[in-house]
Amino acid sequence: MKTQLEGDRVLAGKEAVAELYKTGYFGRPREDGLELSLVEAAYLQFRGKIEIELEGRKLDFRALFEQASLRQPNFELKYIVYKDLKERGYYVQPSAADFRVYPRGSHPGKSAAKIFVHVLSERQPLPVKLLQDSVISAENVHKQFILAVVDEESDLTFYEIKTASPQGEMPEPYPEVKTDATFLEDRVIAWDAEASGALYAGGFYGKMLDPERLQLSLVESLYLFSRGIIVVRDRKDRIFSFDEFVEKASEIESSFLRKYGAYKALRDSGHVVKTGFKFGTHFRVYRKVESIEKIPHSEYLVNVIPSDYEFRLPVMSGAVRLANSVRKRMLFAVEKEEGVEYLDISRVKM
């Protein structure tokens, strides 16, 4: 079947509607025939279904690929993903998100598409704002959002990305105690044995320095300080104000306030939040800890990122792979003017 390359589309005659669209749902019917996207046309040419001409000259697969790459950004990446999905048995159509994918056993006209697929090279940065907008747009129309990443060897990795609203099950975010604590170099120590035990056993705050004293992280300390649970003094016994604590903590760790915002949101929603250093993340998060003698596995790993953050996909891939390998969900907490928003990213098989 002869077709014509025009701009970023390939045009076929009316006979293509019956042969290509009604049997395989390729392209979009028009009054005068069928309009194919460049990836659809390249796939059909690869399968020997069509011939493509440009200004009277027949294009072989190489010539078409070169022309398409000039006419459409990321063409080769999109072709790799499109061909992979087709060979997995999916009906795939181009869309604003790159592709919409229909459930197995279904097709256009039988049911709605289930998945939006966005395609990127492993080398391309991904602004978190763009990612959030894309995910929310998909969820607003009840679609699953999949990010297809093509590495330098043209292997594919698929990630499901969705918004999240994690809810913990701790009955109270902190026990009803009040005690003094001292800000040392980069952590805080509570000295009272009874209060230390209550904070550790009742809310899994900090780590016991010994049977009587509790050492607290900076974010834990500010959270308890803000609720009147601890009074924080410096090493000369001067009491800190809230702003003074924030200033000193921010000198120690430049991202302190951002981390604290996520810590506060997670604690306020009923979680137990501990450092995620051993996993290379900011936090590991538990839905509920009933006993410090029998601590369960954490549910999430959380990285806190600013609203103007750009994902580097190899870094994102490493974080997600580690989280999935230890049976945890990887959440990215995006800083907002008030609170945080979460993106849940996991590796999936198509």
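Cβ atoms here come from the backbone N, Cα and C positions, even for glycine.
Taken straight from Swiss-Prot:
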type     : residues : note
ACT_SITE : Y286     : active site
ACT_SITE : H297     : active site
ACT_SITE : K328     : active site
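Within 10 Å of the C-beta of K328 (active site) there are 21 other C-beta atoms, taking all protein chains into account. Separating the Cα atoms of Y286 (active site) and K328 (active site) is a whole-number distance of 10 Å. In sequence order, R327, K328 make up the list of same-chain residues 6 or more apart from H297 (active site) whose Cβ falls under 8 Å from its Cβ. In the three-state DSSP reading, H297 (active site) counts as coil. A simple way to gauge crowding: the CB of Y286 (active site) has 20 other CB atoms within 10 angstroms, across all the protein chains here.
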